Structure formats: structure tokens, C-alpha cells
Amino acid sequence: MDTDQVLGIIKQVSADIVEPRFRALHEDEIDSKAPGDYVTVADREAERALSQQLRAGARDAVVVGEEGSFVDPGQLDAIGVAPHCFVVDPLDGTNNFVRGSEDFAVMVAELRGVETVGAWIYQPRAGKAYVATRGGGVYCNGERISAAPIHVPPQGASTFRAWRGFDEEGRIAPVIPASGSAGIDYPHVVTAAIDFVVYRFPKPWDHLPGQLMLQELGGDVVHLDGRLYRPGSGRMAILSCRDLATGRRVASGWPRRD
């Protein structure tokens with residue numbers, strides 16, 4: 001399958017399953033995986049449809065989804081090991097979706113071994129589709145996105161409460177809260193609205209698509225100890241930045257507190 005075919009699958013599943021349930025969920029269609037961590041019928045049905053269609057289009061591929069991995073964590077072992085793998089987040093920002101916020105997305109990453117080679121982030125409410133291929137750049141709705149300078153001082157967002165509004169002696173602009181959806185945050189970084197985002201407890205379906213997009217622009221995702229984030233590199237908090245050197249400087253200069 002080419003990038004347009006994968007994007008077509010994502011858009012169709014979103015139109016058929018995700019969008020009709022926006023602001024229309026019944027109480028019995030919402031469950032909790034953990035306190036404050038929702039899963040809905042839209043998550044489960046969208047993941048099932050995405051998995052079926054991706055497998056039909058790429059019969060050699062393993063598909064690993066967020067909801068399937070919650071039920072069977074052993075599925076995660078395929079990421080970075082399988083010769084061909086799709087990693088799927090059928091509804092990123094479920095808590096936002098449940099609350100009626102438009103900040104949600106559908107995300108897919110394609111891996112060949114350890115390398116992410118394709119990435120898709122689709123924001124249904126905004127009608128924006130971000131697509132990247134390794135070595136091929138990043139596009140939004142068909143228009144190429146170019147690298148942009150980092151703000152002075154760098155500006156970012158964070159899921160860490162203690163990192164919000166902290167300016168590290170003036171070297172970093174005060175940090176705002178992250179959106180609650182990596183599929184919203186990463187495009188903000190890619191399009192230079194902000195320079196970085198900090199996340200706790202990284203999961204591959206949340207970060208592999210956006211990571212490839214940042215890599216295509218000269219950035220990357222690093223743990224707070226400076227190591228590059230990769231599938232299996234651990235659960236230490238990460239910082240996603242449009243410029244790798246800036247990302248490492250921010251990560252190393254900020255306190256480890258929550």
C-alpha cells in the first residue's frame with residue numbers, strides 16, 4: 001500500500017466509526033481502563049476496522065493497536081522486531097473525545113524492522129491530514145512543511161504539572177499544558193506553533209507517528225536523560241522537539257519533579 005491508500009483507510013474509518021459517535025456516546029459505550037483513562041466503543045471498533053483493512057492491504061504486516069495491546073500486552077513484542085508492522089492509535093485523545101472536545105486524532109505508524117518508514121496523523125474535526133515518509137518529508141493536506149527556526153526562548157507544552165509555567169531562569173519560555181492528544185500536540189510542533197512537548201510514560205502508538213515527522217524536519221524524541229526514544233527504550237519521560245540539540249538542552253536543564 002502507498003501513503004494515499006493508508007490515508008484513505010484512516011479517513012474512511014474515521015468517517016464511518018469515529019465521527020458519528022462524537023458528542024453522541026451513550027453511557028454504556030464508555031469504559032475505563034484505569035481511573036481517568038477512558039476507552040469507548042469508537043476506539044474498539046475503529047481499531048478493529050483499521051487492523052482488518054491494513055492487513056488486507058499488506059498481508060505480510062503485523063498490526064499492533066492500543067486497545068488490543070491493553071488486552072494482550074504481548075502484542076507489543078512485535079514492535080521493532082516484526083519485519084513489517086503497523087502501529088495504530090484508533091482514537092488518540094479519548095478523554096477529550098468523551099468530554100466533547102475536538103482535540104482528538106487517528107494515528108498510524110508503519111515500521112520496517114526497527115525503523116519507522118511512514119506516519120499518518122488525521123484530525124477529523126480540523127480536516128487536517130499530516131503524512132510523512134522516511135526521506136520524503138512531511139505534508140499537511142498535500143502541502144510540504146518546511147523546517148522553521150526555534151523560538152527564542154524555546155516554547156513548549158507539557159503533561160507534567162510541575163513543568164508548566166516554569167521558565168528555567170529565563171532560558172525557556174513558560175510551558176503551557178499539553179492538549180491531551182499527541183495527535184494534536186505533534187502537529188503543533190511540526191508546524192512551529194511550539195518547539196517541544198514533554199510527556200510522561202510514553203507509548204509507541206502515541207509517539208512513533210510524530211517522531212518520524214520531527215525527524216524529517218531535523219528534530220527527534222529524547223528521554224530526559226538524553227537518550228533517543230525508540231520502541232523498548234523504557235518508560236522514562238520524553239521530550240519531543242523540532243531541533244534535537246535544543247531538545248537535549250531543555251531535557252537536561254529541567255528538574256526531575258512531578
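The backbone N, Cα and C atoms fix where each Cβ goes, and this holds for glycine too.
Matching E66, E67, E115 to the Mg(2+) binding residues that TrEMBL gives (D89, L91, D92, D206) identifies E66.
Listed binding-site residues: E66, D89, D92, D206; maximum Cβ neighbour count within 10 Å falls on D89. L91 (Mg(2+) binding site) has a Cβ environment of 31 other Cβ atoms inside 10 Å. Within 8 Å of the centroid defined by the CB atoms of E66, D89, L91, D92, D206, the record's Mg(2+) site, lie the Cβ atoms of D43, V88, P90, G93, T94, A105, V106, M107, A182, G183, K203, W205, excluding the listed residues themselves.
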